[in-house]
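Please read the structure below before turning to the comments.
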């Protein structure tokens, strides 16, 4: 019988997990290869549904780009001035980014929630309600406010769904398919971006009569994703860590083949031993430190967060993941949302500007789809960020990354249109190019390879020691000293000028 030895204990297919011995179901017992194919099909169906309900809603961001020409007419008529119209549209665009940031914060608050499935279902429903509210932008007097609320709610749902969905996608497949499942998020983001640009064309929904429908049309995919998700079980990994063996094995039967059960269990046991169980002292065998979850449980998420920020296993992947995932969205914030406006500013007709934005998006999307079909997990920021964290840190880490990412993005989306119209497109595109160069350099040097690695193997690449930035610290100290010296000299100068004047 196939078995695996972990820390002196032997685990075979009758696994002692908790106090009960539970025999896993024999997935190959009925139909052999047919069951293998069926398990893969079920797993990919759930993965595609999660991607459709999370990253396809990127179309809610790209759809506002091509709607600028037709929306501007309505907003100028509504507000009576182009300046106020641009300001209002900037808030319509950025409200979703702020909603995503708040959604990530909510995901952080429930980071130790035992379930993955039901929070995901709730987030899909919030996104759906928000999308429907976006379509009410033409309601007299309060339409703009209702639309901003709708985009905020759609962002709130997306923030929750992106964090929880990526965590669930990292946990349901076997190791060799994890990169493919996570990379499907990138494919859905690309498909959603193209769909948003397409449906907002003046020959589709971007007309004077139907443009308000385009603002929320992408959320109509959510009922289909919910139907699939409601029929699927929760993450087997989360259920195993909760000690719910029977439910976990039923979930494993749904998502994986029996040949993949032992590697999956080994990965969970490794993490359980290193992250949840007390570490013995070499001399007296007593507990040297309390596990992080035990410190945080019953006290609050902020205490747990403080504990996690004391270890490099959490802080190091958090810094790398925040850099990778934040700068990966620069094209959305600085270009995709306003590219049609950029073409119009140089004299392109509105209809031609819409089509130019659509065609310019194709090369990037084809490249990301190639990364998906090669199953390169590190080829996508959406894929690699949740893989960097341990099981106990995955929701909290990706939530914090999402908060920083979308607060930064909301700020950029708010100022990009006025900056582009007032100062020139070079003030947007030059920082965009420079930051992308920095992005490539940093990830090539600091980002570890995650493809084909277990979560335990990935976590071992990060040191327990807190990261140190000696050069940055020296620079900050020197800068602080310079500010203090200049402040003192400025005060003395004003005193001297005051004496001379008096």
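Yeah, the Cβs are placed from backbone N, Cα and C, and that goes for glycine too.
Model, not experiment: these values are computed from the prediction.
Taken from TrEMBL as is:
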| type | residues | note |
| --- | --- | --- |
| TRANSMEM | 44-68 | transmembrane segment |
| TRANSMEM | 88-111 | transmembrane segment |
| TRANSMEM | 118-137 | transmembrane segment |
| TRANSMEM | 143-169 | transmembrane segment |
| TRANSMEM | 181-199 | transmembrane segment |
| TRANSMEM | 211-232 | transmembrane segment |
| TRANSMEM | 399-419 | transmembrane segment |
| TRANSMEM | 425-443 | transmembrane segment |
Where else in the chain does the transmembrane segment (118-137) make close Cβ contacts, counting only residues six or more beyond its ends and a cut-off under 8 Å?
50, 53, 57, 60, 92, 99, 103, 107, 110, 143-144, 146-147, 149-161, 164-165, 168, 212-213, 215-220, 222-223, 225-226, 229-230, 234
Where, among 143-169, 181-199, 211-232, do we find the most CB pairs under 8 A to the transmembrane segment (44-68)?
181-199
At a threshold of under 8 Å on Cβ distances, which of 88-111, 181-199, 211-232 pairs most often with the transmembrane segment (143-169)?
88-111
